[in-house]
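Taken from TrEMBL, the feature transmembrane segment applies to 12-31, 43-61, 82-106, 167-189, 210-226, 249-268, 288-314, 320-342, 354-378, 384-407, 419-439, 445-471.
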Amino acid sequence: MKKNSIKLNYFFNLLYQLLSIIIPVITTPYLSRVLSPKGIGEYNYSFSITTLFMILSVLGSHGYAQREIAFNQNNKEKISKLFFEILIIRLIACLITTPIFFYVAITQQKYSNLLLSQYKMILSTIFDISGFFQGLEEFKKLAIRNISLKIITTIAIFIFVNKDSDLIIYSLLMSISLLMSSLTMWPYCRDYIEIISLKKINIRQHFRPILMFFIPVSAVYIYTSVDKILLGVLANDIEVGYYSQADRIVRLLLTVITSLGTVLLPRIANLLSNKDTLKVKSEIKKSILFVSFIGFPMCGGLIAISPIMIPWFLGKDFQASVLLVQFLSSLTLILGFSSVTGQAVLIPLKKQNFYTVTVILGAIINIVGNFILVPHFLSLGSVISTLISEVLVCALQTVVVFKILNLNYREIFIESKDYIIGSIIMTITLSLLVLKLEVSTFDLLITVLTGFIIYFSYLLITKNILVINLIKNIRTKKFKSN
């Protein structure tokens with residue numbers, strides 16, 4: 001099977017991820033003002049519960065299927081057999097979780113309508129075959145599908161969601177969008193799979209490896225979504241709203257970085273199957289430097305501009321989210337590195353047990369931290385718990401990956417120092433500038449532009465290799481076009 005280049009895959013995945021940033025930039029300010037912190041909190045609380053049942057319906061089959069498809073890209077019979085076996089497992093899991101979900105939805109009287117409106121999200125897990133196409137490195141098809149549905153859903157939001165009582169309508173739109181997202185990829189399947197006899201189907205062989213994927217996925221869910229449930233139980237919907245929007249802003253920016261891990265996983269898996277360790281080391285080193293190049297200025301920029309960005313973006317009702325965003329900004333680095341070391345390396349290396357231990361440990365710390373800190377610090381307590389757990393997971397995974405691949409800490413740090421120093425200079429300058437500015441579109445644009453100029457000017461002065469090569473590539477393409 002002909003493979004797309006990693007650059008092409010990254011481009012298509014990044015294209016969708018950029019749209020995933022642009023569209024919320026348009027919809028989030030609108031929804032924050034229309035639905036208010038309370039409405040946002042109610043939706044995110046109910047969605048966190050729905051997400052739990054989605055995970056129970058998928059089990060660990062998404063990541064497992066992606067890895068196994070990547071290992072067998074050139075064997076149509078094997079990937080066809082795997083496709084149908086995973087489909088059957090998901091169908092069984094969904095049939096088991098459905099009655100439990102309806103019981104929870106009915107007993108959660110305040111959130112019953114919201115939860116019931118989100119059931120289509122659980123159904124979508126049966127038909128979600130994005131992991132299949134990711135394993136085949138067919139990111140173009142996924143990107144086109146995702147982009148089209150994102151645009152349609154966005155238009156629908158502005159048409160049908162106009163007041164706080166439209167919260168149910170918003171929930172239905174998001175649920176239908178997710179279901180359609182899963183269904184629209186099925187027509188492409190016939191080009192990659194063939195019908196398999198039922199006699200050849202063997203779902204038992206997948207139970208153990210899927211379980212090994214399910215445990216870390218569940219643990220990751222705990223310290224990315226359960227905090228919203230605990231915050232709703234230990235505090236209130238408004239605090240959930242503050243935290244959810246702060247978390248959303250940071251994770252929107254994170255998509256630019258974490259999309260790299262998504263496209264790296266099948267490529268690393270394929271390289272490892274061919275025992276090309278040197279190429280693996282090269283790809284990982286370049287990826288870590290790329291995370292540093294984007295992550296450090298992104299972190300510093302968020303810390304500096306949050307005092308004027310949050311009121312402008314979310315409205316004055318979300319002033320409490322400023323401090324939360326400043327704390328969460330470090331996730332741009334922490335999760336950026338984790339997406340490379342954990343997602344892209346440990347899974348293809350089949351170090352699933354270690355990966356599982358790290359995320360379970362992180363989940364336990366996050367839950368304990370929430371119970372201890374939320375009653376005293378409310379949403380800030382959830383933020384602190386999240387940071388502690390994410391730092392621990394990232395540190396453990398990075399140490400092991402560096403040891404396995406014999407990567408040099410000092411060498412990578414030296415090559416990253418320009419990004420660190422440039423980001424520090426930029427952050428200090430912007431923080432002083434923000435003190436004299438007002439909450440306005442013009443002042444925010446000036447601040448962001450100033451940050452870009454300072455950071456890239458420093459990298460040009462220090463003759464940073466990545467930036468120099470980037471400029472050379474742009475000039476070469478411009479010359480060819482002329």
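Positions of Cβ are set from backbone N, Cα and C atoms, glycine also.
TrEMBL entries are annotated by machine, without manual review.
Here the transmembrane segment (12-31) touches the transmembrane segment (288-314). Their Cβ atoms form 3 or more pairs under 8 Å, with each pair 6 or more residues apart. Only pairs six or more apart in sequence are counted, and the transmembrane segment (384-407) with the transmembrane segment (320-342) gives three or more Cβ pairs under 8 Å, enough to call it a contact.
Per-stretch counts of Cβ pairs under 8 Å to the transmembrane segment (288-314) identify 320-342 as the leading one among 82-106, 167-189, 320-342.
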